[in-house]
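Visitor: Supplied in structure tokens, the structure appears directly below.
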Amino acid sequence: MLEKTYDAAATEPKIAERWEEAGAFKAGAGAKPGADPFAVVIPPPNVTGSLHMGHALNNTIQDIMVRFERMRGKNVLWQPGMDHAGIATQMVVERQLAERKEPNRHAMGREKFIERIWQWKAESGGMISNQLRRLGASCDWSRERFTMDEGLSRAVLEVFVTLYKQGLIYRDKRLVNWDPKLLTAISDIEVESREIKGHLWHFRYPLENVPFDPENPHTYIIVATTRPETMLGDTGVAVNPKDERYHALVGNDVILPLVGRHIPIVADDYADPEAGSGTVKITPAHDFNDFEVGKRNNLRAINILTPEAAITLKDNVDFLEDLELTAELKALIVELDGMDRFAARKRIVELMDERGYLEKIDDHTHAVPHGDRGGVPIEPYLTDQWYVNAGELAKPAMAAVRDGRTQIVPKNWEKTYFDWMENIQPWCVSRQLWWGHQIPAWYGPDSHCFVEKSEAEAKAAARAHYGEDVALERDTDVLDTWFSSALWPFSTLGWPDKTPELATYYPTSVLVTGFDILFFWVARMMMMGLHFMEEIPFHTVYLHALVRDKHGAKMSKSKGNVIDPLELMDEYGADALRFTLAIMAAQGRDVKLDPARIAGYRNFGTKLWNATRFAQMNGVKLAPDFRPENAKLAVNRWILTELTRATRAVTEGIATYRFNEAAGAAYRFVWNQFCDWYLEFLKPIFMGDDEAAKAEAQATAAYCLDQVYKLLHPFMPFMTEELWSLTASEGKKRDTVLALAEWPELSFEDEDAAADINWLVDLVTGIRSVRAEMNVPAGAIAPVVVLDANKVTVDRFARHDAAIKRLARVERISFEQQAPKGAAQMLLGEATICIPLGSLIDLQAEAARLAKEAGKIAAEMDRIEKKLANEKFVANAREEVVEAERERLLELKEAAQRVATAESRIRDAS
């Protein structure tokens, strides 16, 4: 007999151990002979990471598919691993050194510091792997990989050197996102926009050959900027070619205030004639758009910042070129050189004001890009970096999606994919860090570059180049973490070696990931997979949405609305969390997570546990020779039919990535049809004297529960595994763990039995609804009068007389030609069901109660409708607040409909 309650905390570790002992998650475990492969690579979490809700959703979805396909007998591999997370890991270890008052990385030296990171990884890294196991992730943990392990590092070297020799990797001076705190280039995904209350400064730039007069607008043009310090690097002013105000000025120069540099006025579509004065100052070395304008118009790029974002003028050859060093300019250089960018901003504005160049200052709230790790505003910065020719690699990756070799689900994301790929920029792959794959480039005495897989090979290449041995210096930069991640689907399978795993599992079947890394990771895996394997890396990309809080707001520490999945698992168990995420994971829709929902789905697990316990108490046990087609009782043939239908719906739902529909179908069958109705129908049979009926009911219930454990296993693996082991045939053990049991393939259906019992369910449900709407006391028994019933319906009433009376609290059933006075009515098929209410409730009092309720609902609806009609409210209120009001309005409309139905019934009864 089962324990009275299911203890998730005690059971889950025990079940995990059982799976481990059975080798249930090993590649190919439980596969049928000659089975098709089903391979999934996990999006590698950062080695520094801890499980968050995004991981929980992502890995729940993967695990549902992996367990499902394993039970279907496929040759399954779920490949786990972790990312070395360059910046994040380096920062964690640097912080640890500071906390322990140990020498910093510069004092320690590169080699010792990297040793220290490996030591940290051995002690603390990989916590997330254990957290994923706790969630129930059925990866082949014996194959866990790390993006810095030896095999993957070899793959990285092979790819870098090959691309370099093919001319697809090169060094170039371009703008990058530069973090002046961490002193490295960072990728777009590591940049977060923050709304800042700042200013827009409007400056007067004097026209050449005209004496400058602040009072005379014909002697200058006005430009506006949010970053006055960058004006020191201005090399042009752009106007729109269609803007007639400036036609005569195009080709002339303005004089850069404070500096005295002559800079041209150029015609370029980037300038918006509708925005401000229609002119734009162009600083190619400090703005991504300006960089492109500069290239189009042959403008110089003058960098005026140090890597730490201080002003550099004194020894800045580019800045000083062609300038007349007046006493005023020399004083400016002395004052500003070495000054922090924000202090320089303040001083430049003061100087512009003093000298008559400041037109006005506007308050201006705007988005300022910050480094998500360093936390300071980033600078577009001109440096020498390594680049991949992404445009060339993108072509086959676009073709693969266009011709359907790789499908993106939901399909609407394909447009985003193509938009990105068609406008792709060179990919900056170098980072100024120590932790990561060091770039395999060595420089000779004249800076000639040798890119090889090892120092020995670089020395041999240098010897061939110079005709003698020379000292080589290795590039100190490391590769962008996304570079090694882009090789993940084939590097984890042993490439560049030709391994059996690579031959079996590549291309992989499906990739499950968040839409936010479609470009940063998915597109790059497509590029690398097609280039090096000449084959797509995956057949399907399933993009899931975000997990938000219950109001639809994005979770963030600053808002204090972060939901911790580990805490949820502590409180409700892993199964409840997983099932909640699955049933809410509708394609393309964010998951609004309310912990109350998780409590509700824990109750679903409790319902299944209690149903199994109830079954055991009534002698339900597996009958080895049970066959659905041999069942005789309509109620058994009905539940077996509904089981087949539910199995079909769950199977189709998982197979088509509609996880919410699959979970919903399982939920409805278990909670509604099996627990609420079938077990209720069985009670008189279990208590009766018909032993044959009892035996058939026991065998049917056992069979159904056995299939239910299988259907629910991908969603709720722990509880179902426990129930499976505790409900084996008497005196026997199960042949296998549930994780390796065969997925149900059911075909039994009896349309007549299903129609018959579903009619009974609809009748009882309808009568109960009317009673609830009419406020009929729960204990009151009422007669039922039936009008217009055909022979089939009359027979059904006769056949189910006892069940109707017991379940719907019906006193007697009669068939009449006319509805009795004071009766509420409902339609069921061709018949009208009348429930006389006069003797059960005070119709007048009930009518008054309903009228009052209708008034309250109408007033509340009116209030919300006025609110939503207010454009100011919709524009200024937080998105989740507006959404909550819309949802409340929908709820009220449904409530109003219910009250209107009840009022109509009262009128009919009166």
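Each residue, glycine too, has its Cβ placed from N, Cα and C.
Just so it is clear, the model here is predicted, and its values are computed rather than measured.
For Lys557, the entry in Swiss-Prot reads ATP binding site, with the evidence type sequence analysis. Residues or ranges marked as coiled coil by Swiss-Prot: 842-910. What Swiss-Prot records for 45-55 is motif ''HIGH' region'. Per Swiss-Prot, the feature motif ''KMSKS' region' maps to 554-558.
Provide an account of the burial state, proximal residues and distances for the features listed.
Guide: In three-state terms derived from DSSP, Lys557 (ATP binding site) belongs to neither a helical nor a strand segment and is classed as coil. Close to Lys557 (ATP binding site) in the fold, though at least 6 residues off in sequence, lies no residue with a CB less than 8 Å from its CB.
DSSP labels the residues of the motif ''HIGH' region' (45-55) in these numbers: 3 helix, 1 strand, 7 coil.
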Visitor: Averaged over the motif ''KMSKS' region' (554-558), what pLDDT does the predicted model reach?
Guide: 79
Visitor: Using a Cβ cut-off under 8 Å, which residues of the same chain at least 6 positions beyond either end of the motif ''HIGH' region' (45-55) come close to it?
Guide: 82-85, 88-89, 92, 121, 125-128, 131-132, 135, 146, 514, 546-547, 555, 562-566, 593
Visitor: Residue list, the motif ''KMSKS' region' (554-558) vs rest of chain: Cβ under 8 Å, 6 or more residues beyond ends.
Guide: 53, 546-548
